[in-house]
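Here the structure is laid out as structure tokens; the discussion comes afterwards.
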Amino acid sequence: MSLTANDESPKPKKNALLKNLEIDDLIHSQFVRSDTNGHRTTRRLFNSDASISHRIRGSVRSDKGLNKIKKGLISQQSKLASENSSQNIVNRDNKMGAVSFPIIEPNIEVSEELKVRIKYDSIKFFNFERLISKSSVIAPLVNKNITSSGPLIGFQRRVNRLKQTWDLATENMEYPYSSDNTPFRDNDSWQWYVPYGGTIKKMKDFSTKRTLPTWEDKIKFLTFLENSKSATYINGNVSLCNHNETDQENEDRKKRKGKVPRIKNKVWFSQIEYIVLRNYEIKPWYTSPFPEHINQNKMVFICEFCLKYMTSRYTFYRHQLKCLTFKPPGNEIYRDGKLSVWEIDGRENVLYCQNLCLLAKCFINSKTLYYDVEPFIFYILTEREDTENHPYQNAAKFHFVGYFSKEKFNSNDYNLSCILTLPIYQRKGYGQFLMEFSYLLSRKESKFGTPEKPLSDLGLLTYRTFWKIKCAEVLLKLRDSARRRSNNKNEDTFQQVSLNDIAKLTGMIPTDVVFGLEQLQVLYRHKTRSLSSLDDFNYIIKIDSWNRIENIYKTWSSKNYPRVKYDKLLWEPIILGPSFGINGMMNLEPTALADEALTNETMAPVISNNTHIENYNNSRAHNKRRRRRRRSSEHKTSKLHVNNIIEPEVPATDFFEDTVSSLTEYMCDYKNTNNDRLIYQAEKRVLESIHDRKGIPRSKFSTETHWELCFTIKNSETPLGNHAARRNDTGISSLEQDEVENDVDTELYVGENAKEDEDEDEDFTLDDDIEDEQISEENDEEEDTYEEDSDDDEDGKRKGQEQDENDIESHIRKERVRKRRKITLIEDDEE
């Protein structure tokens, strides 16, 4: 329709379909006078005369010769109207097809309730066909023939194929839409073309002739498809990195050679090929039990801050813009430079810990717990990234590096249950950093620690290296302390060092200490002529060359791996309630180290058992029974004997007085703020006890012919002379006797005879128990005699004889082994 300033023109004709369309009034004209009805008031003039009446906008039609209605357009005003109201009337650009509205003058107030009805054909007004055809991509295809001398490929080939199929020439390219007023054929009837029984009378409202795609539509579709290929890589679930070609070839070769596996359980079958984390595409080593709709995708996108997993790159991009958790939940207990360690309780942050376990299962095959995270505590290692110069963000980002978890309560002194370092952060020393941090927490708790068995392949290799380096560090520390005090001591004696001393200095259990000493090739055993008792077997630490130990430690230190600093730790042991952090009741068993901690004043007190809890519960139950008897006896006073004393109910304050409260007061005592009172005092006490012990004369170890390296080979029947020439699975080799004799002065003696306090080393034994073997042999003989008496049949006798022969052979074999006195220090990894 047209908006003009001629009041004499008739009103426009109403449109049946668009009669209810209403838009806001953005068109103002000072030439439209008020109507007698006065339905809508457009504006009120400020500081105007009373004689000037309010003007009302009217939709009128001007001269047909000047203002013709164009299809899909809003006609312009007449020249006279445009000259008088150049600022207030709509400005229309025929070429661009755009409508620009004027700026409202400050002296005009527009009513908020005013609405203007503009009636137009939406299909003609929003002519998308015209807009697309004028674009820079479609216009050359419509106006120019695409031909080339060479063979056509890709998009051009598809376009020419369409032209040949439709049999169209370049010069005859016109829009082939047929008119809506095309007459019907003779055999057509009105019922087939007028739907709903003639309810919609106009043909343009129900005609479907323009819905069929034409050759121009197909060309446009192909053009848009060609231009949107780049967006499919960005927004699609496809890989954007060039991975190693050799790995891909090996996988393809395995697929061709191997048979296609049958999928028995489709729910647990994972099709995940890569995990996107921090703009890295990481190939998982093992399958993880993600939800079924996640495992059906080839790419999984994981946020490095909240560990939320997604299957769409676009969703992942939008999540990165909106995610505000730039650090893990929980408490930050350690910070040294850019490294931080966070403590997270599995009961408080269940969703985060579950996502963490699902991510860890992609790289740890032995992990079995994914959703039951309440009994565990997680320690997250992060790298801090400062964003001070960022215009929209000032908070620092903490990138996820790795983690380790441990149980809140365990009776085996496990300080680590699961450990993971992401592949993009490996070979940087973060794995050993987490291991050392776990031992630091164990030393703060005044107990030894060890990882939970069995270990994975990478975990076992990393722990062996860690134990080796820690033992080398302790030996060098003992050497330096011995040299400082060598002036006051006799040089003809050796220092007495027990495995328990090294365990206290490192926080490791004695078994792990033996592993480390074997890796350093310094643990030897001595075999005397007498085989009467276990006292004939002594174990010593023989250092062939201190330069070799120093080179091992310096080689590792030269890599500049991060080290744990004790003074950066702000943490105290967690005080667990009766449920130990979970919803179950467990019984605490006292350990030797806990008893030692209770008797030692410098060590933190440890709650060794739950006797207070049992006494408290028993007293409450006893008082309840007493009240019930009193009620049943109709409030009669009971006669109490002199010896019959009823203990009063224990209040809650007395219950917590000797357990939790005293432990809390001890932990909150920060008088010594210079260094950690527990760790440094424990090391100082151990070193002083070593120096105060009586030395062993060198004459006792003058002969060096019977000293051998301790091996981990089990059930070996080779002669003792050949043991020195063999190597075990941990890479331990024998040393020549000349090298040992040259460096006798640097020996550290370890053995049962060298213990000043025998109770310290009773928990760790390296010898076989002969009494247990004798008892087991007697039991076997009794079982054999019982079987001979009970078997009456010939088959039974024959079986009994065969068993007797086997038992005799095994008994002879055991005697041979006992004569050779093969002592197994450490069992194999598989066992």
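One-based numbering along the chain as shown.
Keep in mind that glycine also has a Cβ here, set from the backbone N, Cα and C atoms.
Record note: among 118-143, 300-325, 300-325 is the stretch given as zinc finger by Swiss-Prot. Going by what Swiss-Prot states, the acetyl-CoA site holds Ile419, Leu420, Thr421, Gln426, Arg427, Lys428, Gly429, Tyr430, Gly431, Gln432, and the candidate of Ser442, Ser446, Ser456 recorded there is Ser456. Same-chain residues lying 6+ beyond the ends of the zinc finger (300-325) with a Cβ under 8 Å from its Cβ atoms: 234-237, 272, 274-278, 290, 293-294, 352, 355-356, 358-359, 397-400. Following the DSSP three-state reduction, the secondary structure of Glu452 (active site, proton donor/acceptor) is coil. Straight-line distance linking the Cα atoms of Lys367 (N6-acetyllysine) and Glu452 (active site, proton donor/acceptor), rounded to a whole number, equals 12 Å. For the zinc finger (300-325), residue counts in helix, strand and coil come to 10 helix, 5 strand, 11 coil, using DSSP.
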